[in-house]
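Chemist: Copied straight from TrEMBL:
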DOMAIN    280-415  domain 'DNA primase large subunit C-terminal'
BINDING   C289, C369, C386  [4Fe-4S] cluster binding site
Amino acid sequence: MQFSGGKRKKLRLTGDQRTASYPHSLQFYLEPPSESISLIEFESLAIDRVKLLKTVENLGVSYVKGTEPYQSKLENEIRKLKFSFRENLEDEYEPRRKDHISHFILRLAYCQSEDLRRWFIQQEMDLLRFRFSILPKDKIQNFLKDSHLHFEAISDEEKSLREPEILASSPSLNGSKMELESESVCKIPFADALDLFRGRKVYLEGGFAYVPLRDIVAIVLNEFRAKLSKALALTARSLPAVQSDERLQPLLNHLSHSYTGQDYSTQKNAGKISLDQIDSLSTKSFPPCMRQLHKALRDNHHLRHGGRMQYGLFLKGIGLTLEQALQFWKQEFIRGKMDPDKFDKGYSYNIRHSFGKEGKRTDYTPFSCLKIILTNPPSQGDYHGCPFRHSDPELLKQKLQSYKISPGGIHQVDDCGFSLSHPNQFFFESQRILSGNKDIRKESIQPETPQPKPSVQKAKDASSALACLNSSLEMDMEGLEDYFSE
């Protein structure tokens, strides 16, 4: 892919050539684009792709993936941004070309660190999952073939022979023989179907998994993740050559710094709070997830590992030093009748580890809302997780009322959705308001600055979750577009 300062000379392709270039509305991005594009188009495609992936991320937080609201809202956003999403639509060449080139542009921006790669892979996988879910059945085999995925469909005789086992092992078939008869079943090596096996959703025999075509998306996503992860690693090795181009380096750095969110590391905040302040701060400025963990810790004098990680890194992010953290956790656990020596031997190592003082010396950063929601869901006896996602709605309302939030205010919270994306962001925005700085509009983005804090929408102005999400997203993009237009 080459870049020029002037206008790009468009390729003139006939109908058959255009179809052959992008035969499907989704792709594995196996081949990089080879045409020349202008820097202006490079910037435009990059901005639109970031908007798309940020929308995918926000909808994944606000809605359960695969549900009707999630599907319809994501389709509307993809349509608005003019990316490809459905088969059999007329004149899909330009949206598919845009999808192809913009993906490779963001590979350059998001291959630079493990966190960036993880974020990019997750959003691209969610986008592929959506597109695959609306792919017509008669197009699936062609897509798999074009993506170099060769899955062997078993014969009707073999399917009939294993019918009871396949029906019993595949929840998606609902135990219906009629559905199985109309469904192709693929015979796939066991190692390629680990996600289905882990969820007990597939029949295994002789080292092979028998996967109904409707469940093949799990295999496709695994293959896509592996290929994209390898491709990003290779791109990272070639990045110095790209960064030597002074036209591209500031653009790529700004893209990568601006839209995965701040990590809220402790360096600039260390020592800014005392242990005596934590109780009062928990009622004034902690988000509900951390307020819940703090109360559980004070009541029970103990938290399980998931809670200690989520709450401990949050406290680290708001300014607790290593010495303060060790003192805080030890005092609380000893109140629960734990022997001090047991704490020193069994728990202090993990605290030092989270501050990068043990093991691989990784300085861990506080969990974002997305990570809290999508990883390690709480089980019985746990207090970590996101109350808005993991709590029963009625219990959540009772909890919010106990925080002296009026019923009308609770309804407004439900309507507004998730305009904030990080517990530590909630804390710092709250502190800014309490300190008298009530004008918390977003500051303009500077190239060397990490993601700015999204603006806090007034609940009374939010008519729906999507409206709130769109407003936040548009303001996120405002600084980037201004930067590119300079």
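Any Cβ shown, glycine's included, is placed from N, Cα and C.
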Chemist: Let me know how many other Cβ atoms fall within 10 Å of the Cβ of C289 ([4Fe-4S] cluster binding site).
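Modeler: 26, counting other Cβ atoms within 10 Å of C289 ([4Fe-4S] cluster binding site).
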Chemist: Other than C289, C369, C386 themselves, what residues in this chain have Cβ atoms within 8 Å of the centroid of the [4Fe-4S] cluster site's Cβ atoms?
Modeler: P287, P288, I372, I373, G385, P387, F388, R389, P423
Chemist: Helix, strand, coil: count each for the residues of the domain 'DNA primase large subunit C-terminal' (280-415), based on DSSP.
Modeler: 89 helix, 0 strand, 47 coil
Chemist: Across the domain 'DNA primase large subunit C-terminal' (280-415), what does the mean pLDDT come to, as a whole number?
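Modeler: A mean pLDDT of 89 is what the predicted model shows over the domain 'DNA primase large subunit C-terminal' (280-415).
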Chemist: Counting every protein chain present, what is the number of Cβ atoms, excluding its own, within 10 Å of the Cβ of C369 ([4Fe-4S] cluster binding site)?
Modeler: 23
Chemist: How many other Cβ atoms are found within 10 Å of the Cβ atom of C386 ([4Fe-4S] cluster binding site), counting all protein chains shown?
Modeler: 24
